[in-house]
Amino acid sequence: MNDFSFEDKGLISRSGFGSRHVRRVVKALALIFSLLILYLTISNVSDSPPKRDSLSLDDIVLQKYKPSYKQVNWIDSQGLKDTFLVKYGDLINIQDPYNLNKTLFSVSDLVYNGIQLDYDSYSISFDAKYVLVSVNKSQRWRHSSFAQYYLYNTETKDVNMLGQDNEHWTISLAEWSPTGHQLSFVYNNDLYVRKNDGNVQRLTYDGTVDVFNGLTDWIYEEEVLSSPSTIWWSPDSDKIAFLKLNESEIPTYHYPLYTAELDPSLPEFDYNKDMAIKYPKPGNPNPSVSLFVADLNSNASSNFSLWHNEPLAEPVVQNVLWVNTSSVLVQFTNRNSTCITARLLDTELKSIHTVKTECLEEGWYEVQQSAKMFPLNNSLVWENWSDGYFDILALDDYNHLAFIPFNGSSPIYLTSGAWDVTDGPIHIDGDFGNVYFLATLKDSTERHLYYVSLDTLEIYGITDNGEDEGYYSTSFSPFGDFYVLNYHGPDVPWQELRSTKDKDYCLSLETNSRLKQQLSSITLPSVEYGKLTFNDTTFNFMERRPRNFDVNKKYPVLFFAYGGPGSQQVAKLFRVDFQAYLASHPDFEFIVVTLDGRGTGFNGNAFRYSVSRHLGEWESYDQGQAGKFWADLPFVDENHVGIWGWSYGGYLTLKTLETQDVFSYGMAVAPVTDWRLYDSVYTERYMDLPQYNKEGYKNSQIHDYEKFKQLKRFFVAHGTGDDNVHFQHSMHLMDGLNLANCYNYDMAVFPDSAHSISYHNASLSIYHRLSEWIGDALGRIDPSTGVRQHRWD
């Protein structure tokens, strides 16, 4: 039994007209039709809709249809509350919500020693006195980069480089303080602060290639903080908490660069360059971590021993939060993320207090940085809410807002129900006692903005009117009177400034009118969202069909899979992507399906935790069951059902091809093939350490190569410079296939490309290879005959 039917898709009318009513309607329609024909004959005017263009693959890859969003920087300009900066072309304008709108600086102002700076990015100090611009940026890892920085004084118009003794330093990270215009930055893995008076203060002296101060190493950047920074400023900007990461015990992974960073004029050009990265794999050492707090007034740093001599060995620090100007809350898990602890440290008294420790028997604690304090200097009415913090905790299988007292007593839940708080608390209104958050209360595929009253615990919807679909995000001003509301879909995105005090206030920041105009001339697929039920479990799916879909034809079906733990692909977002191209282009006209199987997020924690310790089992089964459902539909060509994915989606593609017989074709890009080869923090969170789950690791790897010989054909692609999912994974797969005498596959290798496969025009190349290959597999329509041709049948 399942929830999907033709009625859901609008293929069968469910009108309830009686026969007499039908006859009247038919007569009326006949009269209208006759008059319409007469009118068209007399006027000789054609009102047929204009011919639309097909989506271009190059336009998809080059993101022609990517929506625009204004970068809004909240500042404190000349004592004006809730002012912000917005970029308009080459101008950076300072605005307030009602009156002020003036240019703070122009790109033409960025001149150093007579040379116009071609900047990569910019950020503004909170007092708007300085603009920090980066130049000559080079990518480090996914979220980090190296760059040279310049400071533009908005009052004097002077431009100075960030460095010391007229040296132009290449800097790893630079961040403004929350007040004034102090600047923290990392150079050669040591932490510095540029003070308000312009002097530079060095805080650490032990930075090396293995020791990182205030900066993430590879594993913390990729799997824990999703940021290059481990710096947290105190609210008054007098102190900095930061992590010291030491990866000297981590084994080094080496991979070659064949073309990147090689100068053909040098003798060593004939030899490839060797790249080395400290990459912890399951069961191997992780970086050791220490928390320091630096007092900028005394130039003293203190090391706080938060996790020594206790069961929570090898901690992974998830979050650091300043409670006030002298106390810090630190949240960390054990190595495999089954236990979590929150500790409060007083930086002046040097005392440490455990607020909360809890463990799970099944599942894991996801990484989150959602904890927030009640605003300082709040009204005495809400004084009881100041001695603790707000965070997201599990309650009856879902994640909800809670207040956690510092005294260790039980949490107070602010929300409850069969839905998730996905982001919050975003803002806490200290005047009215309202806590703002984003949630799936309306539907798990949507995100709406709400607030809950601390007085009554009633929930009020801001974007949720009970009818309109929507996926929103938001950012609040520091004082909380205004917020930027971003609408991400399903229709064309827009951006507005709204007020928490005045419901009628609305300032449009971005309408994406140009994008709307572009979309008006192209053919897009129809998109449907629904739920599919099998084995008493319900799944969200998204289906894209050709715009001229004909129920009497037979269509190939392509599943697009990701499926990683806690992820979500079936969401009501605006997207004109590769899947839209394959569904709408007249050469292909595939039905493209995405199903969020077990292990994915926002369908209950039991649904998510079901894959714990045996990745790949339920995820592939769910894709297979969904594949069988679509293959049985009368308008589907059951012999041409394929699946493809990237990264975890590549792994899921291979695992599904290995274990499910409904798919004849598949494409796996940058796939994991053996979890023993992936990084420790991610893998152990879901699989535990290898020594405690040998059978789980064995079963989860791609290993039954005989099953691949039964496929019609499959395709694998990987970049040799992938620092995330190493090329080693695909080489292990190729070796197993060769040993099994399996020859029905194709492979594309992209020299020196990282996980995104973009180096040296590889972005265009990979998608052209994918589209050509899947066209050969599932069939390409001959424009002269309208007949679908299959290369490998």
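Backbone N, Cα and C atoms are what each Cβ position is placed from, and that goes for glycine too.
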#### Entry: Annotated N-linked glycosylation site residue, as Swiss-Prot has it, among N44, N136
N136
#### Entry: Rounded distance in angstrom between the Cα atoms of N246 (N-linked glycosylation site) and N336 (N-linked glycosylation site)
19
### Query
Across all protein chains in the structure, which of the recorded positions N101, N299, N324, N535, S647 has the highest Cβ count within 10 Å?
S647
#### Entry: N761 (N-linked glycosylation site) CB neighbourhood, other CB atoms within 10 A
10
### Query
Where N303 (N-linked glycosylation site) and D722 (active site, charge relay system) are concerned, what is their Cα separation in Å, rounded?
36
### Query
By a simple count, how many Cβ atoms lie within 10 Å of the Cβ of D722 (active site, charge relay system), its own Cβ left out?
22
### Query
Of N101, N336, N384, N407, S647, which recorded positions come within 10 Å of D722 (active site, charge relay system), going by C-alpha to C-alpha distance?
none
### Task
Go through N246, N384, N407, the listed glycosylation sites, and name the one with the sparsest Cβ surroundings, counting other Cβ atoms within 10 Å.
N407
### Query
Quick one, of the glycosylation sites N136, N303, N336, which Cβ has the fewest other Cβ within 10 Å?
N303
### Summary
Same chain, |i - j| six or more, Cβ under 8 Å of H755 (active site, charge relay system); the result in sequence order is R142, S647, A670, G719, D722, D723, N724, V725
### Query
Of the glycosylation sites N101, N299, N407, N761, which one sits closest to N136 (N-linked glycosylation site) when you measure Cα to Cα?
N761
